[in-house]
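Features as listed in TrEMBL:
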type	residues	note
DOMAIN	58-238	domain 'ABC transmembrane type-1'
TRANSMEM	65-83	transmembrane segment
TRANSMEM	95-118	transmembrane segment
TRANSMEM	124-143	transmembrane segment
TRANSMEM	177-199	transmembrane segment
TRANSMEM	219-241	transmembrane segment
Amino acid sequence: MRRRRAASAVPVVLFVLLLAVVWQLGTTLFRVPHYIVPKLSDVLVSLWEDRGVLGRHFAVTLEESLLGLAISAVFGTLTAACIEGSKLARRTLYPLLVASQTVPIVALSPIMVMWFGYELWSKVAVVVLFTFFPLAVNTADGFRSADAEIGEWMRSMGASRRALWTKWKLPSALPGFFTGLKLAAAISVGGATLGEWLGGEAGLGMYAKRASNLLRGEAVFAGVLLLSAMGIGLFLAASLLERFALAGRREVRREGAVW
């Protein structure tokens with residue numbers, strides 16, 4: 001199993017190395033101005049020289065992303081449960097969730113700054129705007145994917161409403177929840193960055209914005225690389241959490257049982 005995973009990672013690593021070589025050679029041979037696309041070597045030097053400052057900004061953006069993700073996970077799951085548990089909620093909340101995505105989040109972000117100021121919670125609110133929808137909708141779809149025959153069998157055996165939720169609906173919703181969590185984890189960093197651009201004093205988004213104003217292309221790209229690494233790291237963390245959470249379920253399925 002480990003060899004398979006290592007083998008599957010080889011093409012990705014080779015592709016990243018190829019991009020790095022093309023980046024370095026292209027900017028050197030064509031003498032691209034550093035404020036447009038800096039050399040990769042200059043970006044790496046900037047990462048090292050500014051490591052202390054970047055570390056502090058990294059921690060701020062990570063905190064904003066994690067808090068927003070946690071809030072979206074809780075309220076997204078509760079919203080999905082309401083949609084599943086009530087026909088009236090299903091007819092009202094679900095269409096509203098979909099309709100909410102027609103409003104550009106960029107347009108709503110300044111409102112969050114007006115409501116919460118320039119402190120931490122305005123950025124967290126923007127992250128919630130980015131991440132709530134995929135979590136709520138995917139979890140709701142997970143609830144709807146529950147096997148109806150299992151539910152009927154449990155009811156015929158006299159299962160209580162609580163047992164139906166804990167033993168049938170909630171386990172059935174886990175794959176959908178984790179699909180939403182992985183999507184939300186990947187885009188949460190973008191929400192935090194946007195919030196920092198609109199009004200912030202710290203964070204990688206603010207660091208990159210200040211570097212851009214000073215035409216420090218290598219610093220801008222250093223911030224962007226760290227933001228990308230953070231997004232990938234959060235996605236992988238959500239995937240790892242999914243693997244642990246669903247491991248028992250897969251084992252039960254292999255043994256031929258229901259739950």
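Here, residue 1 is simply the first one shown, and the rest follow in order.
Backbone N, Cα and C atoms are what each Cβ position is placed from, and that goes for glycine too.
No curator has checked TrEMBL annotations; they are predicted automatically.
Note that the structure is predicted; figures quoted are calculated from it, not measured.
Using a Cβ-Cβ cut-off under 8 Å and counting only residues 6 or more beyond its ends in the same chain, the transmembrane segment (177-199) has close neighbours at 61, 64-66, 68-69, 72-73, 76-77, 80, 105-106, 109-110, 112-113, 118, 122-132, 134-139, 142, 205-206, 208-209, 227, 230-232, 234-235, 237-239, 241-242, 245-246. Distant neighbours of the transmembrane segment (219-241): 37-38, 43, 46-47, 50, 54, 57-58, 61-62, 65-66, 69, 178, 181-182, 184-190, 193, 204-205, 207-208, 211-212; these residues of the same chain sit at least 6 beyond its ends, with a Cβ under 8 Å from one of its Cβ atoms.
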